Amino acid sequence: MKQPETLSAPATLSALTREAQALAQAPAEASAPRRVIRVLPLTENEEEVARQMQICNACRYCEGFCAVFPAMTRRLEFGKADIHYLANLCHNCGACYHACQYAPPHDFGVNVPQAMARVRGQTYADYAWPPALGALYKRNGLTVALALAAGLALFLLLALARHGTLWHAPLAGDFYAIFPHNLMAAMFGAVFAFALLALAFGVTRFWRSVSPGRAGAPALAEAAHDAFTLTYLDGGHGEGCNEEDDRFTLARRRFHHCTFYGFLLCFAATAVATLYHYAFGWHAPYAYLSAPVLLGTIGGVALSIGSAGLLWLNLRRDPARGDAAQRPMDRGFIALLLLTALSGLALLAGRDSGAMAALLAVHLGVVMALFATLPYGKFAHGIYRSAALLKSAIEKRQPDTLKLGSD
Ligand code: SF4
Ligand code: SF4
């Protein structure tokens, strides 16, 4: 029987070197393209998530709290894409922080919501489109303030330039006497279309990076259900999140529902009014009991209650479990939503008065600031989290080769 050829250590080394050189110099074969996978080093925040996930993977106490932990049990190592996916799957409900026996001051220093929040904020900037505008996330408080000031100035000056005054004889709610319909449609249409495009490009980059797999109807239905009901703000036991301490509360889930569905109703009001205008030739102002005004009023009230509640909870929340650097972004977005709702309701109340031009200019300025900052602020969390929920729903339906988790 032929014995394997044995080489001394230097001979082995030089043989390996020759082999490597030969591979490097070999002409690329067109028939066998090689795929080069670039391995990017983890950032400090990503390293921290990976470290904490290794501890959690050994502990598993929080497995039933949310989708993050079952997804974690499918992995033994955590690469960049895994960390980005898990960070966006976390709802920052706080349950695992308040339940954790290894949370600070323990030496392990496990604080999953804070570690996830830091990476999450970084992913918004990393996947932003155009990439240069990703920096706006990092100075979002300033961005929102400037956008608000610019929006208000734009519409107040426009109203003054067109009419010479912000005070006028009552116009029976005829907004178009102040700003023509086509002017408003062109300005808001352009800004909103850009916001949608920027968000779509950003989330597509995220989606590709996390290698999602094919989304079937059951996975889509589950993800939609989880997103629309905010399943994971129930703390995993149905009693809700933690805010300032260990007590559970459903307040955040309820205020979030008010905000989200209030926003959708306001959007529906605009969509119905657009349909009335273009499809039926029914022009504003609409009666108080018409569909656009009813939808806008109910939506505005819900949005006011929801955003005021979220702001109140945000101010009371245990700061240790979030990312302090993102507070201006969180609060700036909630404040813009609240201002949008309040200025819209004030406009409705004062539409038959001589202050309509000023009220309309303020409302349009706030809405313009909201639309312009949608792709570079807190609104992005809804888009990225929905994508992460869809990946989670897809992944659950794929075979788990490790078989260490409960899903
Ligand atoms: S957060 Fe703490 S308690 Fe929960 S799984 Fe991780 S280490 Fe365990
Ligand atoms: S904070 Fe809540 S959603 Fe985030 S990992 Fe912990 S339990 Fe899950």
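Every residue gets a Cβ built from N, Cα and C, even glycine.
TrEMBL labels come from automatic prediction, so no person has curated them.
Annotation comment: TrEMBL describes 142-163 (among others) as transmembrane segment.
Residues annotated as transmembrane segment in TrEMBL: 183-204 (among others). Outside the transmembrane segment (183-204) by six or more residues, the chain places 124, 127-130, 133, 175, 274, 364, 367-368, 371-372, 374-376, 379-380, 383-384, 387 with a CB less than 8 A from a CB of the stretch.
Same-chain residues lying 6 or more positions outside the transmembrane segment (260-280) and placing a CB less than 8 Å from one of its CB atoms are 181, 185, 286, 291-293, 295-296, 298-307, 337, 340-341, 344, 382. Positions annotated as transmembrane segment by TrEMBL: 260-280 (among others).
According to TrEMBL, the feature transmembrane segment maps to 286-313 (among others).
TrEMBL lists 333-350 (among others) with the feature transmembrane segment.
For the transmembrane segment (356-376), the list of distant contacts is 128-129, 133-134, 136-137, 140, 143-144, 147-148, 150-156, 158-159, 163, 165-168, 170-171, 173, 175, 178-179, 184, 187-188, 191-192, 194-195, 198-199, 202, 332-333, 336-337, 339-340, 343-344, 346-347, 350: same-chain residues at least six beyond its ends, Cβ to Cβ under 8 Å. Taken from TrEMBL, the feature transmembrane segment covers 356-376 (among others).
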Check your understanding: Other than its close neighbours in sequence, what residues sit by the transmembrane segment (286-313), given a CB gap under 8 Å and a spacing of at least six beyond its ends?
Key -> 243, 251-252, 254-270, 272-273, 276, 331, 334-335, 337-338, 340-342, 344-345, 348
